[in-house]
C-alpha cells in the first residue's frame, strides 16, 4: 500500500524543465569539468617529468619516469578518489549534501595549486610533493561523484532526471578537452619563446630549463574552474529530499523549494507528522532489511562500475601504438621536451573530440527515451565486439615495426575501432553506472551507496591502469619497457579486456530500470509494506520508454 507522497516531492517530480534545472546542471557539472581536467591532464606532462628529472646521459634516450614513480604519479589521484568517494559519500548522508559539497571543492582548489609546488629541487622531493597533493586532489574529486549525482537526482523531475544527471557527467568531456587545450596553448607558447633542438640533435639542450614551468602551469590551472564554482555551490539550498526524508523537516523543505520552483507549496500537517514520526525507514546499510531490498542492486552497481573502469582506464595501453601508427606522435628522439607535450595533448584532444564527447551527449539525448538498462547493455555489447575486433587481428592492424614507426598495417581501421570503443563506453556504461546509483537507493543512504559504487569503479580503474600496464608488457624480456617485467603482451591483454566487457554485459541484469519513476517509488520510501519489510518491491522491472518532449 502506497503512502501519500509529500507535496514538495511531488512538485519536484512533476515540475517542468525550468531555469533552476540548468543552473543546477552547470553548478554540479563544473565540478565534473574540474574533476576530468585534474585527472586527465597529468597524462600530458608525465613524459616531460621524465625528461626533466630522470634523464641519464649514458642511456642515449630521453629521460622517462621509472615504473614505480610512473605508477605513483598516475595512480595516486585514483587512490585518493576511491577514499574520497567512500568518505564524502557517507558524510553527505550524515551532514547534508550542501554542507559537504563546498568542502570537496575547496580541497580541490588547494590541492590543484599544491601540485605545482615543490618542497626541494631533487627528483625525489618534487615527485613526493606532487604525489602528496595529487592524492588529496583525488580525495576531493572522489567526493564530487556521489554528491553531484545525488544533488542532481534529488533536484530533477522524474521525466528528464536521467538527462540532467547525464548532462552533469558529460561535463567531463569538456574538462578533458580543456585539459588538452591548456596543455596545447602553454606548450606552444613556451616552445615558440624558448626554441630548443630535438633530442637527436642535442640531448642536453632539447629540454629547456623553462620547461619546468610548463607542467606546473598546466596542473595548477585546474584550480581556476573549481574556485569560480564555489560561490554558486554555497548558494544552492539543501535538497528537499534530504531535508524532508533524512533531516525530517518537511516544512523547511517546502519553504526552500517554494523559492526554487517559484510556487506556493503547502504541506499537509498530517503528512509532515507522518514523515517525522516514521521510525520504520531507519534501517542501516549493514542490515537484513537493506540486504533484502537493495543488496542485489548494490551488487549490480558495484560490479558493473568495477568491470567498466578496468576496461575504460586500460585503453591507454595501446594509445601510444595508435598515435605512433597514424603519425600523430613521432619518436621521442625526434622531438624536444616541450614539443612532446604539445603533440601528446593534441592527439588526446582529437580522440576526446571525435569519440569521448559525442558519446557523453548521445547519452544525454537518449537516456530518458530508451532507458538506462538498454543503453548499458548496448554499450557493454559493442565494447565487447570492438575490443575483440581490435585484439584478434591486432598484429595485422598495427603492422610491423620499421624503425620508430609501424608499417603495413590497417591504421585507419585501428583508429576507427579504437574511437568506437570510447564512444560506446560513454554512450553506454560510463554514463549509466554514474546515473543509476543516484536513483535506486533510499535518501538516507543514497550518497553512501553511490560512493560505494563509485569506489568500486575506481578500484577497477586502478586494476585497469596499472595491473594491465604490467600485464601488457611483451612476453619477451628484450622487448619490454625499461624497468618492467615480462607480461602476456598487448594482444592477450586486449582479449582479457574483451571478456571483462562481456562480464559487464551479464552483470547489467542485476540492475533495475529506473526510467520514468520517482525516487521514492524506486527506493520503496512511499511503500508502507516495503518500509516495514513485510513485502519487497520487485528487484527488476522492464525498460520503460518515456518520450522526452520538452527537454
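Just so you know, glycine gets a Cβ as well, placed from its N, Cα and C.
What TrEMBL says about a protein is an automatic prediction, not a curated fact.
According to TrEMBL, the feature transmembrane segment maps to residues 213-232, out of the candidate ranges 193-212, 213-232, 233-252. Looking at the stretches 163-190, 275-302, the one that TrEMBL records under the feature transmembrane segment is 163-190. The transmembrane segment (451-471) makes contact with the transmembrane segment (492-511): 3 or more of their CB pairs lie within 8 A, with pairs spaced 6 or more apart in sequence. Away from its own ends, the transmembrane segment (492-511) comes close to residues 296-297, 299-301, 303-304, 307-308, 310-311, 314, 317-318, 372-373, 376-377, 380-381, 383-384, 387-388, 390-392, 394, 429, 436, 440, 468, 471-472, 540 of its chain (Cβ-Cβ under 8 Å, at least six residues beyond either end). Scored by C-beta pairs under 8 angstroms, the transmembrane segment (69-88) has its highest count with 20-49, from the stretches 20-49, 100-119, 163-190, 373-394. When each of 100-119, 163-190, 350-367 is scored by its Cβ pairs under 8 Å to the transmembrane segment (213-232), the top-ranked stretch turns out to be 100-119.
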